[in-house]
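Written below as structure tokens is the structure these notes are about.
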Amino acid sequence: MREQLLAAEKVIAIDWRDGVLRLLDQRLLPQEETWLEYATAADVAEAIRLMVVRGAPAIGISAAYGLVLGARARLAAGGDWREALEQDFSVLADSRPTAVNLFWALNRMRERLERLKDGEDPLQVLEAEAVSIHESDREANLTMAQLGMELIRKHQGNPQALLTHCNTGALATGGFGTALGVIRAAHLDGLVERVYADETRPWLQGARLTAWELANEGVPVSLNADAAAAHLMKTAGITWVIVGADRITANGDVANKIGTYQLAVCAMHHGVRFMVVAPSSTIDMALESGDDIPIEEREGRELLELGGKRVAADVHAVNPVFDVTPADLIDAIVTEKGIVERPDTAKLAQLMCRKRLH
Ligand code: MRU
């Protein structure tokens with residue numbers, strides 16, 4: 001399965017080569033495939049804020065490369081480069097608030113810097129750390145895809161209808177995806193009759209990115225309005241809702257794209273299983289519950305306009321872009337360290353002590 005999955009890897013969103021960071025501009029997909037080049041930490045932070053790159057793991061990986069770019073400039077400028085690099089740490093950390101992978105990746109970079117030995121080249125060390133963050137996310141995707149697929153097969157071995165939300169694929173990660181990785185593996189294993197992709201208003205990650213990724217790979221996909229999800233659960237024989245996560249707290253609560261919470265409520269009502277797929281870098285053991293997660297609010301313009309054209313009445317728009325699904329609505333959290341069924345504080349703590357599988 002691992003080899004089949006690797007062979008199916010077609011799309012990448014982040015490319016680090018010869019000291020240059022290239023990002024596929026996700027604001028323009030699927031109409032245009034444009035790569036943008038980044039040479040400074042501040043520009044990478046802006047790319048994250050503007051959602052040129054998005055998705056929790058992809059944001060973390062991009063921030064790590066952004067820090068490498070920052071270190072290069074600070075070292076070249078001479079003086080107290082470590083002190084100056086603090087500005088790059090903060091500009092990157094301020095780019096988006098909800099996905100913990102961003103802070104996790106920056107912490108890893110900081111810790112590596114703190115372990116720097118005499119004679120080591122700081123730039124080489126930081127670059128190696130960023131590449132390792134990127135590579136290990138790719139590996140985690142493979143492990144989670146296999147575990148999630150086995151979980152689906154355990155409950156029902158026939159082709160089935162799955163529903164997903166937002167974009168959790170190659171565009172959102174360093175590999176081929178978290179929730180979408182599981183869906184890809186399930187498709188390769190003959191377990192997928194059809195994937196229902198929520199359009200994911202207002203930014204349309206589902207309509208523009210998930211539908212594009214799945215259609216490119218020949219996975220049968222239907223796009224639906226977010227508001228159609230409950231109806232589809234009642235009428236289309238959906239067996240699993242499978243989503244990613246931006247932050248999972250110590251008690252198993254999950255922050256993910258706005259609309260995930262209502263999907264979990266509807267899934268519980270209809271007896272549809274609910275799976276969250278996320279690497280352990282998305283788990284924030286420092287926060288007790290989802291109530292503590294900062295929820296990003298984006299501009300009302302994302303709701304008031306369509307394709308840059310005003311469509312809504314002249315009113316104030318409220319645009320929280322993430323919500324929190326309580327742990328008791330979740331059947332399983334799939335990570336590269338293993339699966340936690342019916343998550344709670346004790347099970348999450350146990351999981352975090354484990355090594356990654358494979
Ligand atoms: O605002 P976005 O597009 O960055 O939000 C992305 C999501 O909510 C994803 O579901 C989540 O990051 C998991 S991606 C593997």
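Even glycines carry a Cβ here, placed using N, Cα and C.
For Arg54 (substrate binding site), the count of additional Cβ atoms within 10 Å of its Cβ stands at 23 [all protein chains shown]. Taken from TrEMBL, the feature substrate binding site covers Arg54, Gly55, Ala56, Arg96, Gln205, Asn256, Lys257.
Summarising the annotation, TrEMBL assigns site 'Transition state stabilizer' to Cys166. For Cys166 (site 'Transition state stabilizer'), the same-chain residues that are 6 or more apart in sequence and have a Cβ closer than 8 Å to its Cβ are Ala172, Asp198, Thr200, Gln205, Gly206, Thr210, Val243, Gly244, Asn256, Lys257, Gly259, Thr260.
According to TrEMBL, the active site, proton donor annotation covers Asp246. In three-state terms derived from DSSP, Asp246 (active site, proton donor) belongs to neither a helical nor a strand segment and is classed as coil. Cβ neighbours within 10 Å of Asp246 (active site, proton donor), excluding its own Cβ and spanning all shown chains: 30.
The record assigns Arg54, Gly55, Ala56, Arg96, Gln205, Asn256, Lys257 to the substrate binding site, and the maximum Cα to Cα distance across that set is 17 Å. Proximity of Ala56 (substrate binding site) to non-local residues of its own chain (separation of 6 or more, Cβ distance below 8 Å) is seen for Ala99, Val100, Asn101, Leu102, Ala172, Gly244, Ala245, Asp246, Arg247, Ala278, Thr282, given in sequence order. Checking the recorded positions Arg54, Arg96, Gln205, Asp246, Asn256 against ligand 1 with a 6 Å cutoff on the Cβ atom leaves Arg54, Gln205, Asp246, Asn256, in sequence order. Shown in sequence order, Ile59, Ala99, Cys166, Asn167, Thr168, Ala172, Gly244, Asp246, Phe322 are the same-chain residues outside Arg54, Gly55, Ala56, Arg96, Gln205, Asn256, Lys257 whose Cβ sits within 8 Å of the Cβ centre of the substrate site.
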